[in-house]
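Student: Take this structure first; my questions come after.
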């Protein structure tokens, strides 16, 4: 498939949106509410970490970076979903579809790598507490975050360039809400086995490799914690990891289901639901999980909200 003017202007049609106006209005209100909560929660985390000096530590720096990525990640697709709900023609050009997929997959991959970085941070904090300030310097933290973003976007760019170099069938209907890999790959008119394997390799690098790093980090953490004689000490060590582990299981469970499987198991309705979970559910739950299970974050966010209320009254 050539990327001439005709190909770039080619349009896909999204088929997953409700046709009933009442259901469409209800969907718009629901998605708008969830999106507002996602942006508000993650912005509060970023502001709290920036303004509270006691939170200027590597763990919270990575958490703030994760929240920043979540804001961008949802902004790639959710406003477009809201616009499509209101429009009668739910179309997207081939170039716009490719661009959306690059940033959606790239930022999703960045999420996975950041979770691996956060697991490494907990490993150093628990296994080498005395050397922690010397190892986890600000320079290293910045490099790890930048590397996560760059690797995620590079992997995504290569994957999307490969997918959109393939010939598409005459059918232009995407049975989904946005341009994700599985539904777009269903429109490819070519030998599916080789292309499916190529996508699987890219997904493995973006999902399975970070998960392996997380598993390795936590195996060392568990071994170190079990050596602590005090039950209170073990509980305190595990409590610093519980929120992160909850987010990891939620994020990787959905991603693995969507991308680390053969296309023969593709089910449009099921995949649409799962995609909504990791597009809206995970970014919404991340701030809740990290704040409800962390007294420092709850206190910092409370002070941010108090200052905001006082400034509005003045």
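Note that Cβ sites are derived from N, Cα and C of the backbone, with glycine treated the same way.
Computed from a predicted structure; not experimentally measured.
Just lifted these from TrEMBL, have a look:
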- 25-48: transmembrane segment (TRANSMEM)
- 41-290: domain 'G-protein coupled receptors family 1 profile' (DOMAIN)
- 60-82: transmembrane segment (TRANSMEM)
- 102-120: transmembrane segment (TRANSMEM)
- 140-164: transmembrane segment (TRANSMEM)
- 200-226: transmembrane segment (TRANSMEM)
- 238-260: transmembrane segment (TRANSMEM)
- 272-292: transmembrane segment (TRANSMEM)
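Can you walk me through where each of these features ends up in the structure?
Tutor: Same-chain neighbours of the transmembrane segment (60-82): 28, 31-32, 35, 38-39, 41-43, 45-46, 49-50, 92, 100, 103-104, 107-108, 110-111, 114-115, 117-118, 121, 138, 141, 144-145, 148-149, 177-178, 279-280, 283, 286-287, 290, 297, counting only residues six or more beyond its ends whose CB sits under 8 Å from a CB of the stretch.
With a threshold of 8 Å between CB atoms, the same-chain residues lying at least 6 positions outside the transmembrane segment (102-120) that come near it are 59, 62-63, 65-66, 69-70, 72-73, 76-77, 144-145, 147-149, 151-153, 155-157, 159-160, 178-181, 206-207, 210-211, 213-214, 217-218, 244, 247-248, 251-252, 255, 278.
Residues 59, 108, 111-112, 115, 118-119, 122, 125-126, 180-182, 199-200, 203-204, 206-208, 211, 214, 218, 221, 225, 271, 274-275, 277-278, 281-282, 285-286, 289-290, 293-294 of the same chain, all 6+ positions outside the transmembrane segment (238-260), place their C-beta atoms under 8 angstroms from a C-beta of that stretch.
Long-range neighbours of the transmembrane segment (272-292) within the same chain, counting only residues 6 or more positions beyond its ends whose Cβ lies under 8 Å from a Cβ of the stretch, are 16, 31, 34-35, 37-38, 41-42, 44-45, 63, 66-67, 70, 73-74, 77-78, 108, 175-178, 180, 243, 246-247, 250-251, 254-255, 257-258, 298, 301.
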Student: What mean pLDDT does the predicted model reach across the domain 'G-protein coupled receptors family 1 profile' (41-290)?
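Tutor: Mean pLDDT for the domain 'G-protein coupled receptors family 1 profile' (41-290): 85.
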Student: Grab the same-chain neighbours of the transmembrane segment (25-48) for me: Cβ-Cβ under 8 Å, and only residues 6 or more beyond its ends, written as numbers and ranges.
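Tutor: 17-18, 55, 63-64, 67-68, 70-71, 74, 78-79, 81-82, 85-86, 280, 283-284, 286-288, 290-291, 297, 300-301, 303-305.
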